[in-house]
Amino acid sequence: MEYGKASFLKGRISVCRQNFFSRLFKERIFGKCDSCFFSAGATGALIADPYSAAPRGPSRMAASRLPILLAVAFSSLSCILSHSNREMWFQDLFPPNTCPINAKANTFYGIMFDAGSTGTRIHIYTFVQKSPEKLIELEGEIFESVKPGLSAYADQPEKGAETVKRLLDMAIDAVPPHLWKKTPVVLKATAGLRLLSEEKAQALLLEVREVFEESPFLVPEDSVSILDGSYEGILAWITVNFLTGQLSGQNQHTVGTLDLGGASTQITFLPRFEETLKQTPGDFLTSFEMFNSTYKLYTHSYLGFGLKAARLATLGALDMEAVGGQMFRSSCLPKQLEAEWHFGGVKYQYGGNKQGETGFKPCYLEVLKVIKGKLHQPDEIRGSSFYAFSYYYDRAVDTNLIDYEEGGVLEVRDFERKAKEVCDNMERYNSASPFLCMDLTYITALLKEGFGFRDSTLLQLTKKVNNIETSWTLGATFHLLQSLGITY
């Protein structure tokens, strides 16, 4: 995803209310979750991860239900991470008397960092609870980012931490001083750090932890860690389907989600057919129960299949430790092009195929070698509808397939049509990005040959749903506030 533009959004989000949860328990919608703690004073990591840095020393009725539904969804995410049986992580969701935030008319904040492969982003969320009887509202979000990502500083962890500090200074300006000590700050790293060795990733996380401890904010014990890729997919799926009202009442028409980052890609959907469940690897399935309905979710994250990792694989440079002065060439690049590209802290020299063919057909054959036979293909998704985010969205915007603000609906064949147009006229599109042909061709091959979508499969490309960013960070922030039992 292309970042750097600050944004401020409005929306109403419900967290919890005592009588609401009491009603849920009376109706036997949820049971007791011994492995999940949301009551005051409890703490919990967003994930249990070996890389975690240890501390040093569309109707009115549907819209009206949305705040409550989101609260339940986001609060329940901790069970994904702490339940001993991943297959049943959503069973027995809430303990009794769950309402950690007992606020009067107060404003409070949560700071969540998303340390991705291409950049580090800060989300500063503002929440309001007007009285103990009122639902908590999401007042707004301040968002900013820096490039490159933390993984680019694998050999200079102190410099990587400095980029986080610069963003954290924004939070110092945004959060009133009297609330600093009550405002938690957390960083979750994604695919970029997953690709590093444990030693280098840990060094970066420890430096960031030190920056947090020197700040005036509340630093939880698990404030810096690596987020498992599959949980990104789960968060996105729950977010979209709750925001669109697909999990309320008897509505079972859920939509799948596709996320294409720089280093990894995720696919998540709700299988409708028993045959799909039988043919799916067990670790791709996650079961949960919500509102008298049981869902068995298909979700998987493919590390190394993000857009920028796929560039390296297509060039033949993905697994190289030191590239020296070697030139990597591809039929997906303009024939006369020779340039340098930095990714993950490594400099690559790349160029077009001067002696051979260029264009869509030879490019597709190159990309196909990266994808063919590497991804699981559930049959039923071929005719299903999906929401698509991140680089799916960005490349569609770059080529005028959709509007930047409004997004749009595309068929899979639209990406292929645009890939052919760009690849067979690379000189015309070179100024936009020398990788545009390769990226569009990869997206086409990923959707068709990787996941097995039909040409006619519909994709809803969007950055926001109901004016709320389709990001895992909001759900992580709700979990953070509740796991800490923050009161004001």
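Any Cβ shown, glycine's included, is placed from N, Cα and C.
Note that the coordinates shown come from a computational prediction; the quantities given were computed from them, not determined experimentally.
According to TrEMBL, the feature active site, proton acceptor maps to GLU232. Per TrEMBL, ATP binding site is recorded for GLY262, ALA263, SER264, THR265, GLN266.
Only GLN266, of the binding-site residues GLY262, ALA263, GLN266, have a C-alpha within 10 angstroms of the C-alpha of GLU232 (active site, proton acceptor). Around the Cβ of GLN266 (ATP binding site), a 10 Å sphere holds 28 further Cβ atoms from the protein chains shown. Looking only at other Cβ atoms within 10 Å, the busiest spot among the binding-site residues SER264, THR265 turns out to be THR265. Each of SER117, THR190, ALA191, GLY229, ASP259, LEU260, GLY261, SER301, TYR302, LEU303, PHE305, GLY306, LEU307, ALA309 belongs to the same chain as GLY262, ALA263, SER264, THR265, GLN266, is absent from that list, and has a C-beta within 8 angstroms of the C-beta centroid marking the ATP site. Other Cβ atoms within 10 Å of the Cβ of GLU232 (active site, proton acceptor) number 25 in total over all chains. A coil conformation is recorded for ALA263 (ATP binding site) in the three-state DSSP classification, outside any helix or strand. Applying an 8 A CB threshold to same-chain residues 6+ apart, the list for GLY262 (ATP binding site) reads GLY116, SER117, THR118, GLY149, ALA191, GLY192, GLY306, LEU307, LYS308, ALA309, PHE343, TYR391. The Cβ of ALA263 (ATP binding site) has SER117, THR190, ALA191, GLY192, ARG194, LEU195, LEU303, GLY304, GLY306, LYS308, ALA309, GLY344 as same-chain neighbours under 8 Å, each 6 or more residues away in sequence. DSSP classifies the residue listed as 'active site, proton acceptor' as helix under the three-state reduction.
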